[in-house]
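This report concerns only the one structure given below.
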Amino acid sequence: MRVISRARSACTWTSCTSLSPCSTSCPPSPAAPTLLRRRSLPQQRRRPSSSPNRRVRGVTTSPCPTRSLVYKRRVGAPQRLCAETVATMQAQEANALLLSRMEALEWFKKFTVWLRVYAIFIFQLAFSFGLGSVFWLGFPQNRNFCVENYSFFLTVLVPIVCMFITYTLGNEHPSNATVLFIYLLANSLTAAIFQMCSESRVLVGSYVMTLALFISFTGLAFLGGRDRRRWKCISCVYVVMLLSFLTLALLSDADWLQKIVVTLCAFSISFFLGILAYDSLMVIFFCPPNQCIRHAVCLYLDSMAIFLTLLLMLSGPRWISLSDGAPLDNGTLTAASTTGKS
């Protein structure tokens with residue numbers, strides 16, 4: 001069998017046999033490499049697998065385009081790691097560690113802001129409750145003041161007006177000690193007069209319920225965060241609880257006027273709790289260090305509105321019954337009895 005290869009421009013035709021290899025100075029034709037590749041292909045297939053991947057006790061090495069590849073066996077399938085990839089991963093781990101440190105520092109700054117806000121809030125709430133207790137103990141003869149003066153119920157609007165001012169001004173609202181004490185005195189006096197008209201068990205119950213609601217909704221604000229699904233679940237649970245409470249209140253044997261007062265107070269408390277949750281989210285995520293007083297005042301106004309509404313809901317039915325001529329409890333003094341004795 002003869003193989004004829006054609007030389008290019010300056011080459012001549014040469015003939016050779018399969019037994020004697022061709023020797024010519026001409027460059028090989030384009031068909032020659034193809035023929036050679038076809039001949040060498042079976043030889044390459046018959047060669048033993050010369051794969052560069054050679055495993056030695058769970059570690060296999062193979063050439064990389066630039067550097068060597070390293071295979072490491074981990075929990076089943078081996079993971080392919082190049083030297084450059086290893087270096088990149090180490091750099092990413094270092095960056096991740098640095099980022100976590102920065103996040104920790106940022107979280108610590110937020111934590112200090114939270115401490116400032118809630119410390120100011122606790123001071124305001126303690127001052128208001130303490131002043132109210134002093135008024136309640138110092139003026140027992142005015143225990144029936146709210147029964148004779150229905151117009152005093154309008155003082156419940158004091159924290160609502162303060163809330164309207166703070167939300168209207170927004171970030172332009174001043175955040176200093178002067179503003180803090182103005183809001184503190186205005187709401188503390190209102191709460192103190194309201195407490196004079198209430199019984200001791202009603203006061204203690206209002207204190208406990210206000211603190212419990214504040215702690216609960218602050219915890220829900222941390223739990224819900226910015227997740228809408230969680231807030232939907234929280235809202236559904238709260239609506240079910242509210243409807244259950246209203247059903248029990250409406251099915252009771254109380255007067256229809258008392259039922260109306262309880263229903264209105266329940267909806268008002270729900271509204272204030274929603275504002276409290278919103279203010280708590282603002283403190284958690286969007287409170288700068290120079291606005292701590294303003295955010296603490298917002299939380300304080302929300303809590304005072306809830307407290308006064310609870311007092312009105314728990315003491316309102318009794319005030320209504322007293323105004324209709326119902327007998328007073330033992331040990332309760334009224335303005336009329338005091339005037340008659342004098």
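Using the three backbone atoms N, Cα and C, a Cβ is placed for every residue, glycine included.
The compositional bias 'Basic residues' feature in Swiss-Prot is assigned to 36-48.
Swiss-Prot lists Asn149 (among others) with the feature N-linked glycosylation site, giving sequence analysis as the kind of evidence.
According to Swiss-Prot, the N-linked glycosylation site annotation covers Asn176 (among others), on the basis of sequence analysis. According to DSSP, Asn176 (N-linked glycosylation site) is assigned to coil rather than to any helix or strand. Using a 10 Å radius centred on the Cβ of Asn176 (N-linked glycosylation site) and all shown protein chains, the other Cβ atoms total 9.
The N-linked glycosylation site annotation in Swiss-Prot covers Asn330 (among others) and rests on sequence analysis.
According to Swiss-Prot, the region 'Disordered' annotation covers 21-64.
The feature transmembrane segment is assigned by Swiss-Prot to 119-139 (among others), with sequence analysis given as support.
Residues or ranges marked as transmembrane segment by Swiss-Prot: 150-170 (among others). Below 8 angstroms of C-beta separation, residues 183, 186-187, 190, 193-194, 275, 294, 297-298, 301-302, 304-305, 308-309, 312, 323 of the same chain, each at least six residues beyond the ends of the transmembrane segment (150-170), sit close to that stretch.
A Cβ distance under 8 Å defines the sequence-distant neighbours of the transmembrane segment (177-197), meaning residues of its chain 6+ beyond its ends; these are 120, 124, 127-129, 131-136, 139, 142-147, 152, 155-156, 158-159, 162, 203, 293-294, 296-297, 300-301, 304, 307-308, 311-312, 315, 319. If you look up Swiss-Prot, you'll see 177-197 (among others) marked as transmembrane segment, on the strength of sequence analysis.
Long-range contacts of the transmembrane segment (202-222) within the same chain, counting only residues at least 6 positions beyond its ends with a Cβ under 8 Å from a Cβ of the stretch, are 129, 132-133, 136, 195, 234, 269, 273, 276-277, 280-281, 284, 299, 303, 306-307, 310-311, 314-315. Annotation source Swiss-Prot lists transmembrane segment at 202-222 (among others).
Only residues 6 or more beyond the boundaries of the transmembrane segment (231-251), in the same chain, are considered here, and those with a CB under 8 A from a CB of the stretch are 220, 223-224, 259, 262-263, 266, 270, 273. According to Swiss-Prot, the feature transmembrane segment maps to 231-251 (among others).
Annotation comment: Swiss-Prot describes 266-286 (among others) as transmembrane segment. Long-range contacts of the transmembrane segment (266-286) within the same chain: residues 110, 113-114, 117, 163, 213-214, 217-218, 220-222, 224-226, 238, 242, 245-246, 249, 295, 298-299, 302-303, 305-306, 309-310, 313, each at least 6 residues beyond the stretch ends and with a Cβ under 8 Å from a Cβ of the stretch.
The transmembrane segment annotation in Swiss-Prot covers 296-316 (among others) and rests on sequence analysis.
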